[in-house]
Each structure stands twice: as C-alpha cells, then as structure tokens.
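Report on the following structure.
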Amino acid sequence: MNSSRVVFPANFSYEDPLPFECNEDPNVVLSLAMYGMQSSYLIVGAVLNVMIVYTVFHGNSYRDNSFYMLYCADAIVGIYINTAEVIFGRIFIYITPLCPIASPYFFTPSILTKMYYAALHYSLGFKTFSQIFMSFNRMTCVIFLMKHLKLWKQILKPVLIITFILPLGVIWKILLSRVYINPNGAGFSVNYKDYFPWANISILHLFHFTLCFVLVIIFFVATILGLTMLKQRIKSAERSLTIVTMIMAVQTVTFASIQIYFVFFAAYTPKIRSVLLQIVSFVFDSLYVFSPIALIVMSRQLRKDIFNLKDKETQISMYPNSEL
C-alpha cells in the first residue's frame, strides 16, 4: 500500500519505483488561484524577456553594448525556466486534482523530471555567475571609463562561454543521481536522492552563492563610489543601467543570503526557517520577473524600441549604443 510520503527501500536501487498517495486538498479553489497568480507573473516575465531579446538582436546599437548581451544570456535562461515552471513545476504543485492522475507516471525514473530538475538548478548557478559579470560590467564602465569598451570587446565572448559552462559544475550530481517526485501539499514536486553523499547539492550551490554575495557587494560599492566622482552628464547616462543592475544585484544577493542561511543556520532558528520557506519561491521568481520590468521601465530608449513608441519630447535620452 502506498504511503502519503516517499519511503526509500532498505536496499534501494536506481530503478526502484517510489510510489506515494497524494494528500487531499482542503481548498482546491485556493490552490488553483495560486497557480493562476504565479503562472501569470511568470508568463509576463518570460514575454518581456522575449521582447527584450528580440529587440536587442534586431538592433546593431544594442548588440554593440556588452551589458545588453550579458542581459540577453541571462534572459534566455530565464525564459526557459519561467516556461518550465508554468507548464510543469507549478502545475503539479497547485493544480492538485492532477496529482493522482499524473504522479504514477513519475514513480519510476523519468527523463522529464531529471531534465526539469537539472535545468532548475542550472538556472540558479547561471544566475549567480551572470549577476557577477553584469555587476562587473557596470563597475568597469564607471571605474575604467576610457578602457571599458575595449576591455569588453576582448572579454565578452569568453565571459559568455564561461557563464554557460560554470553552472554545469552544479548539475553533474543531479544527472548521476535518482530524481524522483514527492508529495508537496496536495500536489507533488521534484527532488533527488544523493548518489554522492559527499557532494551535497546545497554545498555546491553554497560556493556559488557565497562568491556571488561577496563579489556583487564589492562591485556594487565600487560602482556607487565611482559614480559619485563622475561628471553629472556621465552619471545621467549611466544611471538607468546601473539602477537596473543594482535591483538585480539586490535580488540575487537576497536569494543567496537565504540559501546560505538554510545551510548554516536553519536548524537553530526553526521559526525563521518556516517563514523563509514560504517566501523563498517568490524571491526565486523575482529573479526572472522583476529584472525585465526594471530594465524596460528604466531604459527609455529600449522601452520606445520594444513598444514602437514615438518620442516627441526634446529631452535627452540614453541611447543603447553608448556605454559611457
């Protein structure tokens, strides 16, 4: 008889089925409303990122700007993750009537759940590295004013390649381990069983989160100090992209701080842990939802190009092909 939780057999092997019974949902309407709300803002984030990527790659002036190329790499990963969450991850958590219908298909090893779970953790690793490089990009634009363009023409391609490769250092463990589903409320979510106990996925993420936390704060402070020493016309030109980067940095550092807390302090502060468990998914969602909104709101020229707006005002705007 199935239980309402996953039970690992004493001599568990990779191919063993891991069945469970779905929990009863006391409020199906609320669960469906939660899915509707979360899927709505995830779709908005994905659509806005698609519009930004399309605009950047169809405008030479944007492609010449290293920041926009770094952002597009981050946006492409965000589009994939938002889409995967809407059509897979959140569906089976919140559309609870699907649990008894769909869960038996995933009691045995599934390539679908493995791809989803690996991509989810890849995106976490990718986000930390992309935020480091975007923050570094803004710092060099302010600190190394005359050398910024030349520097990024030389390092942009290697940086993009590194950004896509480094997160593989996290997901190799998932690819070799058993990925399974477990009850989550009245639905189910995806988890994994360690194949290498000495290389816990949280520890692998911890290295990236800690590195991101330290470097982003350093770049953030250096950028602010640099802006205070620039002429007003330069500060006006850089303010939009710098503010966007700062918003993204705060989001990423907040998420990294929560993950660091879970590794080191969660066992000692159960009350705080329960609160953070409720908000951590929202913080994760914000990484790929608020960023495109902030970029479109703050970049006047990009907003005009995306929505085909005609500017009849005479005030000076920030053009994308100028990184200075």
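FYI, residue positions are counted from 1 along the chain as it appears here.
Keep in mind that glycine also has a Cβ here, set from the backbone N, Cα and C atoms.
Counting only same-chain residues 6+ beyond the ends of the transmembrane segment (39-59), those with a CB under 8 A from a CB of the stretch are 68-69, 71-72, 75-76, 78-79, 82-83, 85-86, 90, 285, 288-293, 295-296, 302, 305-306, 320. Sequence annotations record features per position, and here Swiss-Prot assigns transmembrane segment to 39-59 (among others).
If you look up Swiss-Prot, you'll see 69-89 (among others) marked as transmembrane segment.
For 91-111 (among others), the entry in Swiss-Prot reads transmembrane segment. Cβ atoms under 8 Å from those of the transmembrane segment (91-111) belong to residues 14-15, 17-22, 25, 28, 31-32, 34-35, 38, 178-181, 184-189 of the same chain, restricted to positions at least 6 beyond its ends.
The annotation transmembrane segment is assigned in Swiss-Prot to 128-146 (among others) on the grounds of sequence analysis.
Feature annotation from Swiss-Prot assigns transmembrane segment to 155-175 (among others).
Positions annotated as transmembrane segment by Swiss-Prot, on the basis of sequence analysis: 206-226 (among others).
Sequence annotations record features per position, and here Swiss-Prot assigns transmembrane segment to 246-266 (among others) based on sequence analysis. Within its own chain, the transmembrane segment (246-266) is flanked in space by residues 127-128, 131, 134-135, 202-203, 205-206, 209-210, 212-213, 216-217, 219-220, 223, 272-273, 276, 280, 283-284, 286-287, 290-291, 294, which lie at least six positions past its ends and keep a Cβ under 8 Å from the stretch.
Tertiary neighbourhood of the transmembrane segment (279-299): same-chain residues 38, 41-42, 44-46, 48-49, 52, 71, 74-75, 78, 81-82, 85, 123-124, 127, 240-241, 243-244, 247-248, 251-252, 254-255, 258, 306, 318, 320, selected by CB-CB distance under 8 Å and a gap of 6+ residues from either end. Annotated transmembrane segment per Swiss-Prot: 279-299 (among others), in sequence order, evidence recorded as sequence analysis.
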Residues of the parent chain within Cβ reach of the transmembrane segment (69-89), under 8 Å, 6 or more residues beyond its termini: 38-39, 42-43, 45-46, 49-50, 52-53, 56-57, 63, 112, 116, 119-120, 122-123, 126-127, 130-131, 133-134, 137, 156, 159-160, 163-164, 189-190, 285, 287-289, 291-292, 295
